[in-house]
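Residues or ranges marked as active site, nucleophile in TrEMBL: C284. Taken from TrEMBL, the feature NAD(+) binding site applies to D31, R36, T85, T122, E161, K287, R351. The substrate binding site annotation in TrEMBL covers F158, L159, R160, E161, K228, F273, L274, Q275, A276, G277, G281, K344. Among the features that TrEMBL reports, domain 'UDP-glucose/GDP-mannose dehydrogenase C-terminal' is placed at 337-439.
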Amino acid sequence: MVDVAIVGMGYVGVTTAATLAHIGHRVYGLDIDVGRIELLSRGKAPFYEPHLDELLARNLERMHFTTDYGEAIPRADVVFIAVGTPSLPDGRPDLRYVEEAAREIGRHLNAERFTLVINKSTVPIGSGNWVEAHIRRSFSETHGEANGRFAVASNPEFLREGSAVSDSLYPDRIVVGADDPRAREILRKLYAPLVAQDFSPPESVPRPEHVQTVPYVETDTATAELVKYAANAFLALKISFINEIAALAEKVGADIRDVARGIGLDRRIGTSFLQAGVGWGGSCFPKDTAAILATGEEYGLKMPIVAAAREVNFAQRKKVVEKLLGELKIIKGKTIGLLGLSFKPNTDDLRDAPAYDIARELLEKGAFVRAYDPVAIPRAQREWNLDIEYRKSVLDVARGADALVLVTEWKEFTELDWTEVARVMRTPVLIDGRNALPGKVVQEAGLRYIGFGVPAHFPAYERVAELR
Ligand SMILES: NC(=O)c1ccc[n+]([C@@H]2O[C@H](COP(=O)([O-])OP(=O)(O)OC[C@H]3O[C@@H](n4cnc5c(N)ncnc54)[C@H](O)[C@@H]3O)[C@@H](O)[C@H]2O)c1
Ligand SMILES: O=c1ccn([C@@H]2O[C@H](COP(=O)(O)OP(=O)(O)O[C@H]3O[C@H](CO)[C@@H](O)[C@H](O)[C@H]3O)[C@@H](O)[C@H]2O)c(=O)[nH]1
């Protein structure tokens with residue numbers, strides 16, 4: 001068992017805490033947000049993430065949550081930094097939270113023994129040295145010279161929101177970057193149960209059949225830091241690529257869903273991350289693609305592929321409004337309903353969600369915007385300053401609306417019976433912003449179905465449906 005402290009109880013910190021406790025370690029979870037710590041102490045995640053509450057509750061006896069660095073850090077063999085690194089206006093990540101965490105860690109490190117500090121936040125290449133310098137400085141202010149009392153390693157995180165628990169228990173790989181041999185040894189010990197998959201899976205998140213052991217990739221610190229940015233940039237450009245091809249499919253009358261399957265079955269390409277639509281959002285792809293470009297710039301290096309991936313992506317959001325204009329001709333005064341607000345299903349995270357830009361542009365064009373999301377409405381009411389009318393159900397949004405836009409492919413929407421929806425709309429137009437619905441079924445239910453790069457094979461709709 002390793003004693004672990006995790007600084008930052010967000011999506012990454014809490015999931016890592018619960019996972020490490022589940023595989024047998026003792027975990028101190030630390031955050032400056034008192035409300036978060038209170039919730040966590042009761043076994044409740046401070047955000048919506050499937051199965052996380054269960055994993056927390058199951059392992060609570062090996063977990064302790066606190067706002068006090070002095071309580072957690074001196075007891076730990078390993079300290080993770082998992083605080084946020086949001087974008088600055090120029091695209092570089094804002095490292096102020098990492099810096100604060102590093103300083104506090106340095107101040108509270110146990111001077112009597114060796115501690116490994118592991119950076120899990122996504123930080124620019126070279127940050128390992130920078131974090132080490134901050135820790136060394138505050139350590140020496142409190143205890144005198146550090147003299148090898150700690151080392152800093154990098155351990156980027158690859159979990160996805162919405163499937164964070166499964167991604168964390170059964171990762172495709174673990175990447176650790178460490179220049180210090182003691183650090184490499186501790187990391188191997190820490191991750192041994194995950195690598196060997198030597199733990200009992202929680203009932204609701206069974207181990208996928210193909211997972212037997214987890215590849216463990218050891219590198220130097222800078223390489224591990226670059227792996228993280230390269231992975232996110234590649235995934236982001238894969239989606240942007242399919243969106244660019246979808247635009248061509250639309251012109252030539254091809255079906256992008258079959259194109260994606262046709263190319264994806266080539267194992268060199270792979271079928272995942274080829275879903276065309278309104279594009280990527282969230283707290284990672286937008287921020288991390290901006291950050292890798294900013295790093296390139298620092299070295300006088302242009303990165304046109306990543307830049308193009310961003311350009312294509314943010315244009316997708318505007319296409320929703322173009323498609324609506326094509327159908328309705330006039331948007332001013334029309335009522336548009338948004339289905340889904342979070343940047344992807346199974347999360348309430350609204351950071352850089354496409355729904356925000358879509359709603360803002362519709363409002364600017366004089367539309368009335370209504371929205372329904374199974375979990376994200378309370379956060380949207382708190383975090384978004386937009387004149388959106390939040391409703392309680394799909395039917396509530398659809399009643400009397402001129403068009404609906406599916407922005408997030410929640411299961412509740414993909415499994416919906418659309419007949420009643422078509423009946424209550426003023427004009428039954430549906431833009432499927434995720435190509436997630438069965439177009440023919442939706443069309444047969446009486447809606448005009450418009451996807452992204454999906455041909456309209458189906459008969460035209462009655463323009464003004466009877467209002468009931
Ligand atoms: N969210 C993801 O899916 C994901 C996946 C992989 C990597 N990452 C990276 O991991 C990092 C964390 O992301 P997140 O989404 O979990 O962040 P988050 O915004 O959900 O949580 C960050 C937490 O850190 C806390 N915090 C800030 N300053 C602190 C301090 N000085 N001391 C203690 N706590 C402090 C905040 O109160 C907050 O609870 C980022 O660098 C992100 O890029 C995120
Ligand atoms: O074929 C696809 C797949 C995804 N998306 C969109 O892409 C965005 C990101 O989705 P996803 O990657 O599933 O969620 P994240 O939680 O943002 O996870 C990404 O970002 C994390 C933070 O760095 C990494 O850890 C993960 O590996 C990486 O997948 C979302 O808006 C999705 O709707 C598409 O448009 N088409």
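For all residues, glycine too, the Cβ spot is worked out from N, Cα and C.
Model, not experiment: these values are computed from the prediction.
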Ligand 2 is in the model; which of the recorded positions R160, E161, G281, C284, R351 have a C-beta less than 6 angstroms from one of its atoms? R160, E161, G281, C284
From the Cα of the residue listed as 'active site, nucleophile' across to the Cα of L274 (substrate binding site), what is the distance in angstrom? 18
Per 10 Å Cβ neighbour count, which of the binding-site residues K228, L274, A276, K287, R351 ranks highest? A276
Using a 10 Å radius on the Cβ of D31 (NAD(+) binding site), the other Cβ atoms enclosed count 22
What is the interatomic distance between the Cα atoms of D31 (NAD(+) binding site) and R160 (substrate binding site), given in whole Å? 21
Looking at substrate and its recorded binding residues F158, L159, R160, E161, K228, F273, L274, Q275, A276, G277, G281, K344, figure out the farthest C-alpha pair and report it in angstrom, whole number. 25
Using a Cβ-Cβ cut-off under 8 angstroms and a sequence gap of six or more, which residues of the chain neighbour T85 (NAD(+) binding site)? P93, D94, L95, Y97, V98, S121, T122, V123, K287
Quick check on the binding-site residues R36, R160: which one has the highest count of other Cβ atoms within 10 Å of its Cβ? R36
Between the C-alpha atoms of R160 (substrate binding site) and R351 (NAD(+) binding site), the distance in angstrom, to the nearest integer, is 14
Looking at the binding-site residues listed here (R36, E161, R351), whose Cα lies nearest to that of K228 (substrate binding site)? E161
